[in-house]
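Trainee: Quick one: the structure is below, questions incoming.
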Amino acid sequence: MRDRNGDLNTAHLIGDIGRRATRGGTVMMGAQVVKLVAQFGSVIVLARVLAPAEFGLIAMVGAMTALFEIVKELGLSAATMQKTDITHEQVSALFWINTGAGCLIAACLALGAPAIARFYGQPDLEPVTRWLALGFVMSGATVQHWALLRRQMRFSAIAIAETGSELLAFVVAVVLAFQGWGHWALVAQRLAAPFLVMAGCWALCRWRPSLPRRTSGIPELLGFGLSVSGCGILSTLARSIDQILVGRLFGAATLGLYERAARLVLVPINSINAPLYSVAMPALSRLVDEPQRFRRAFGVLIERVAMVTMPAAAGAAVASDWVTNLLFGPKWEAMSPLITCFALVAAVQPTLMTAGLIYLPQGRSRDLLRSTAIDVALAVASFIAGVPFGAVGVAGAYAAVGLVLRLPVCFYLAAGQGPVTQGDLYRRILPSVWASLAVAGVVWLLRNGVMPESLLAAPLVALAVAAAVGMLTAGLAFLLMRPSREAMTSVLRSLVSRPQPAPTAFAKEVAE
């Protein structure tokens, strides 16, 4: 008989963590590129077929149900990944807790659908909410299989499940949209994705739950998970309350513009964090007993994230109208100032999320909860302050508070314990700040006198020129500063000595 606890053992990973992290970085970044193409394709193609109000309807339900996504998980995937020794019986108990939570949430949403429709004044939301509730049943039954694949650092299996589901759900939505299904095409996409992820995880993870029974260690796991879940609930509240306010006060069409702008900018930027979390979380957890290796690995992590995301976000903020006209067309023109605001949010959001990775490997779940609560309070205050100025005011206030308050507060709290200091964090991101300012300035000069009018009138050409010049500017800026020059040299040395994708070189540097 096969040892059921054998699927949970991670002792064999310790001696090989560098190679696994290296390979995992390549696989997860490659999968993320494919997912990003599907998500971008979904945003662009469906925007050409469906109206902003139809996206707004789905966003209304999504904002209301986002909190339940975290409640369904209860932080128990993190508990499974983080715990050094865990038994089959314990994981089985967690599986049934997650599955039961998913079913309970689905039932509550089905019963509460009329209230959600009345809140927004949109009768069509009642059947939409009931159908979308089914996704919680499927995703609840996936949580522990997803966590076990990550615990074992089986990144290829994760990539297959997540990428395949994203692509197939996108195809479903596009086909139905062109057949005239309207917002129901988006509903089908939201249901196809969790079903396909569930099927993929169950097929690729050979672990199977046993019948529920009492077992030791569950209160400890629940305590850890609930702290993580509390952080997730607070973070999701910060990401949802603005859409709830915009939908309730300004209507479905305005929310459609707001949600699409946020998705266009924040999804690709934040997508970098998904593979980093998958690779860095297990690696950092195994390095927690080696403070200097942990400090260096975490510094490399946050430095590389800032170098990639900050300059790109700065360029997008200045070129928002070109992005809008090229990707969406004239009926979405009002989205341009929203894209500018969310690009400024994206300049710091990935760094904030990466800084948050410091807590769980160190077992600081309570500190994570406190940090998240403070961050959410700042975000919600910014939303409320921006409401009198419309949807653009909400997004603009969020961006301003992120730059001025959220980032410094996050660094102060993250460095409160352990080998990583505030000075480490600021030194790692400072070159990216200067490079971002340089990129924004150069792109602004391009569109205000340097670039000919004939090019400015062609969004595709103008955007291509701005992107090329922006990348060159960022590269030169990084080479002029010693810390970032050393970082670029390290990555290039890895690529030259043994040709491999940049994400692989990065993952290897984090693990070593």
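In case you wondered, yes, glycine gets a Cβ from its N, Cα and C as well.
Not my notes, these are from TrEMBL:
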TRANSMEM  33-51  transmembrane segment
TRANSMEM  57-81  transmembrane segment
TRANSMEM  93-116  transmembrane segment
TRANSMEM  128-148  transmembrane segment
TRANSMEM  155-178  transmembrane segment
TRANSMEM  184-205  transmembrane segment
TRANSMEM  305-328  transmembrane segment
TRANSMEM  334-360  transmembrane segment
TRANSMEM  372-391  transmembrane segment
TRANSMEM  397-416  transmembrane segment
TRANSMEM  428-446  transmembrane segment
TRANSMEM  458-480  transmembrane segment
Trainee: Counting only residues 6 or more past its boundaries, what in the same chain has a CB within less than 8 Å of a CB in the transmembrane segment (33-51)?
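Mentor: Here the qualifying positions are 162-163, 166-167, 170, 173-174, 177-178, 182-183, 185-186, 189, 253, 256, 260, 263-264, 267-268, 271, 327-329, 331-332.
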Trainee: Give the nonlocal contacts of the transmembrane segment (305-328) in its own chain as ranges (CB under 8 Å, at least six residues past its ends).
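Mentor: Long-range Cβ neighbours of the transmembrane segment (305-328): 43-44, 47-48, 260, 264-265, 269, 272-273, 276, 335-337, 339-340, 343-344, 346-348, 350-351, 354, 428-429, 431-433, 435-440, 443-444, 447, 459-460, 462-463, 466-467, 470-471, 473-474, 477-478, 484, 487.
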Trainee: Report yes or no: does the transmembrane segment (184-205) come within contact of the transmembrane segment (128-148), defined as 3 or more CB pairs under 8 Å with a sequence separation of 6 or more?
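Mentor: Result for the transmembrane segment (184-205) with the transmembrane segment (128-148) is yes.
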Trainee: Same chain, outside the transmembrane segment (458-480) by at least 6, Cβ under 8 Å from its Cβ: which residues?
Mentor: 307, 311-312, 315, 318-319, 321-323, 325-326, 431, 434-436, 438-439, 442-443, 446-447, 451, 487-488
